[in-house]
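Data first, discussion second: the structure below is written as structure tokens.
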Amino acid sequence: MTSASQAAPVALPVMPDAEDARIMAKAALFAPPPSVMEDGRKDLVGLSREQLTEALAEIGFPAFRAKQLWHWIYHRGETDFRVMSSIAKPQQETLAERFVISRPAVTECLTSVDETRKWLFRFRDGQEAETVYIPDPVEDRGAVCISSQVGCTLSCRFCHTGTQPLVRNLGPAEIVGQFMAARDAYGEWPSPKGETPRLLSTIVLMGMGEPLYNYENVKQAMRIVMDGDGIALSRRRITLSTSGVVPMMDRCGTELAVNLAISLHAVTDELRDELVPLNRKYPIRELIAACRRYPAASNARRITFEYIMLDGINDSEAEARELVRLIAGIPAKVNLIPFNPWPGSQYTPSRPKALERFSRIVMEAGFASPIRTPRGRDILAACGQLRTESRKERRID
């Protein structure tokens, strides 16, 4: 495994234009609280290497201690300074007095009949988000579906999370902490190296929230995850799903270069305006153009177009052909997802014949189009079913 210094070169940050700046200004209104305990101790999880070095310098620790701590936190998964044998006991005590290495609290953990597991995590301010582990049905590996926000601002009509207004963004510690807590649950520490099999083999940013509306925090969390001296998960094993925040897609491709998934779900603006209201701001033409220029896309790393199959709504043969026309020339695959019902939902999943017919048309055009087998439906852990009871407190002036 390469070290951080030998990893893929870090891209220079892209200077934001006016629309990027507007998005980031709005994100600041939903900023996470500081990663500080009530007793004043600072959380080291979620800090970049530079921030960790600075935090230790403030208490007189040399820079090499940051490298040691990084190894203990992200490679070994350790939360107790007292067992860090490469650090002298007096310094262990100083670290414990000034810092913590946190995990989100597990409020609830449910396991499906198909072994999918869902956690309800509570953060320091009492807000909650859900995380799901989806095991591969054949091999000893699986994906961790991570949330980026508490609630969501997009109000997609078929999505349970969309019925929960946005409360706030999650910070880097809360995002990477979901993956670390999942590793705790499955005992996958220290981090597997090289070709060693990983039970938690991939991350999909497909949980609660729109990752590109919380881009800076997501970016920092994923850079921590990808660092070769810690968790060391390759960017090829990370997929970010967006409903189409077009201005941030270029930055994501340049700065993170992770795999991209697009929540498409319709092939006309008229229908997508209804199903995915964000389409009114960034219509299909602009979204597809952004996909064509996404820097990380290639035949080896295809863009995934996610398509929720709704009975009688978006599952006709004509729509399958239009989908093929839209994505022609893009290195892509199409995931067909039968709608997963949730309490109060108004849709039903497409019928098996419609699913098979749609898939066949897309496949015959040269695109892989698997029909996703629902996982975790019985515990409301399937695609589009996540939701918590967190609410944004009204400010009292």
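Here the Cβ of each residue, glycine as well, is placed from N, Cα and C on the backbone.
Copied over from Swiss-Prot:
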ACT_SITE  Glu130  active site, proton acceptor
ACT_SITE  Cys383  active site, S-methylcysteine intermediate
BINDING   Cys152, Cys156, Cys159  [4Fe-4S] cluster binding site
DISULFID  Cys145-Cys383  disulfide bond
DOMAIN    138-377  domain 'Radical SAM core'
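Mapped onto this structure are the features recorded in Swiss-Prot.
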| residue | record | DSSP (3 states) |
| --- | --- | --- |
| Glu130 | active site, proton acceptor | strand |
| Cys145 | disulfide bond | strand |
| Cys152 | [4Fe-4S] cluster binding site | coil |
| Cys159 | [4Fe-4S] cluster binding site | coil |
| Cys383 | active site, S-methylcysteine intermediate | coil |
Exercise. For the [4Fe-4S] cluster site given as Cys152, Cys156, Cys159, which other residues of the same chain have their Cβ within 8 Å of the site's Cβ centre?
Worked result: Leu154, Ser155, Phe158, His160, Thr161, Gly162, Thr163, Ser243, Gly384
Problem set entry | Segment confidence, the domain 'Radical SAM core' (138-377), expressed as mean pLDDT | 95
Exercise. Of the recorded positions listed here (Glu130, Cys145, Cys383), which is spatially closest to Cys152 ([4Fe-4S] cluster binding site) when Cα positions are compared?
Worked result: Glu130
For this session: Would you kindly give the Cα-Cα distance separating the residue listed as 'active site, proton acceptor' and Cys145 (disulfide bond), rounded to the nearest Å?
Result: 9
Problem set entry | recorded positions compared (Cys145, Cys159, Cys383) - highest count of Cβ atoms within 10 Å | Cys145
Seminar exercise, completed: If we take the Cα of the residue listed as 'active site, S-methylcysteine intermediate' and draw a 10 Å sphere, the recorded positions of Glu130, Cys156, Cys159 inside it are Cys159
Seminar exercise, completed: Quick note, Cys159 ([4Fe-4S] cluster binding site) and Glu130 (active site, proton acceptor): C-alpha atoms separated, nearest Å, by 14
Seminar exercise, completed: binding-site residues considered: Cys152, Cys156; fewest surrounding Cβ atoms within 10 Å belongs to Cys156
For this session: Give the sequence-ordered list of residues that share a chain with Glu130 (active site, proton acceptor), lie 6 or more positions from it, and have CB atoms under 8 Å from its CB.
Result: Lys118, Trp119, Leu120, Phe121, Ser147, Gly207, Met208, Ala381, Leu386, Arg387, Thr388
